[in-house]
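Let me begin by presenting the structure, written as structure tokens, before commenting on it.
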Amino acid sequence: MSTYTRPVMLLLSGLLLLTLAIAVLNTLVPLWLAQEHMSTWQVGVVSSSYFTGNLVGTLLTGYVIKRIGFNRSYYLASFIFAAGCAGLGLMIGFWSWLTWRFVAGVGCAMIWVVVESALMCSGTSRNRGRLLAAYMMVYYVGTFLGQLLVSKVSTELMSVLPWVTGLTLAGILPLLFTRVLNQQAENHDSTSITSMLKLRQARLGVNGCIISGIVLGSLYGLMPLFLNHKGVSNASIGFWMAVLVSAGILGQWPIGRLADKFGRLLVLRVQVFVVILGSIAMLSQAAMAPALFILGAAGFTLYPVAMAWACEKVEHHQLVAMNQALLLSYTVGSLLGPSFTAMLMQNFSDNLLFIMIASVSFIYLLMLLRNAGHTPKPVAHV
């Protein structure tokens, strides 16, 4: 049986279109807020509102899938995100955008959970790794293309919203031509997310997802603002964000192979150390292109390696619940990161963005170094 079946290919095709829309908005919303003369802390709170929506969407989607299945859940998630896009044009203001970014965050998280769970249920223990790799590649390619779009098209609010909303609705079309079955859902209902979060042997993986959320949430939410305050144009900001994301794309396969060959603990240690080096390089303002590249290559691949670490510690029937727990952990980190970092930037300096990233990475590195590497034999492979 082929790994990349027709339902899988159509699902990933729809995800690509949705990711394009998500990437464009994630880059431009902080800039639109800055153009409305909102303070840095307000920009951070709006970013956190989006990630709060992610948190709510992650918690709700399991129930939604159980009630209406993968296909209808996917349609619903896409419509919710489209509403969050279109709503930004109704009224420009802090409270209005706080609400609509929350709605968009709910829809976005629902899309992620539906797609990830559908891929898990479509695969087997032998091919889930390839499915997850394909998912991450599509996600980052979509994000990369979205950043390039920002550098090539008009970034005016009312110019962007119509085609971004259209892209979101177009992402529904591939799933109209196939049906993703939920054959294994009943087998996963008995495993709770809470029990996965409390699993001692998977704690480094869970902590890694939290740290990854803090790092990537801060980069996505506040990096455009950091560059804007440095006098970089909107088009150039799109280019630099594309450099950051392209590094994450290029790093996926080699880092995954290194993790399989040399062990995930060693690779996680090296990744976190490189994130610290990249942050220091950004603070020194020396050679921004190499600094952003190594920061992207290490930071954007931290989540899948940490996720693989945690998933290999659980039984086969616990994989979906563990995946939900890890996404929840990532979302919590994404919620806390931009909000706290934005307050530091507002009160002290924009450089606190990279000081914060380096600090939380150093804390995680200490956790990894405390582990002697004598971990239990893996019981499941994703």
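Positions of Cβ are set from backbone N, Cα and C atoms, glycine also.
Note that the structure is a prediction, hence the values are computed from the model and not measured.
According to Swiss-Prot, the transmembrane segment annotation covers 14-34, 45-65, 75-95, 102-122, 131-151, 157-177, 206-226, 235-255, 270-290, 291-311, 325-345, 348-368, on the basis of sequence analysis.
Taking pairs at least six residues apart, the transmembrane segment (348-368) and the transmembrane segment (14-34) share fewer than three Cβ pairs below 8 Å and do not count as touching. Taking residue pairs at least 6 apart in sequence, the transmembrane segment (45-65) and the transmembrane segment (325-345) share three or more C-beta contacts under 8 angstroms. Taking residue pairs at least 6 apart in sequence, the transmembrane segment (206-226) and the transmembrane segment (131-151) share fewer than three C-beta contacts under 8 angstroms. Note: the stretches the transmembrane segment (14-34) and the transmembrane segment (291-311) are not in contact (fewer than 3 CB pairs below 8 A, sequence gap of 6 or more).
The transmembrane segment (75-95) shares more Cβ pairs under 8 Å with 157-177 than with any other stretch in the list 45-65, 157-177, 235-255, 270-290, 291-311. Comparison of 45-65, 157-177, 270-290, 291-311 by number of C-beta pairs under 8 angstroms to the transmembrane segment (206-226) places 291-311 first.
Same-chain residues lying 6 or more positions outside the transmembrane segment (45-65) and placing a CB less than 8 Å from one of its CB atoms are 26, 29-30, 33, 38, 73, 76-77, 84, 94, 97-99, 101-110, 112-114, 117, 182, 185, 217, 220-222, 324, 327-328, 331-332, 334-336, 338-339, 342.
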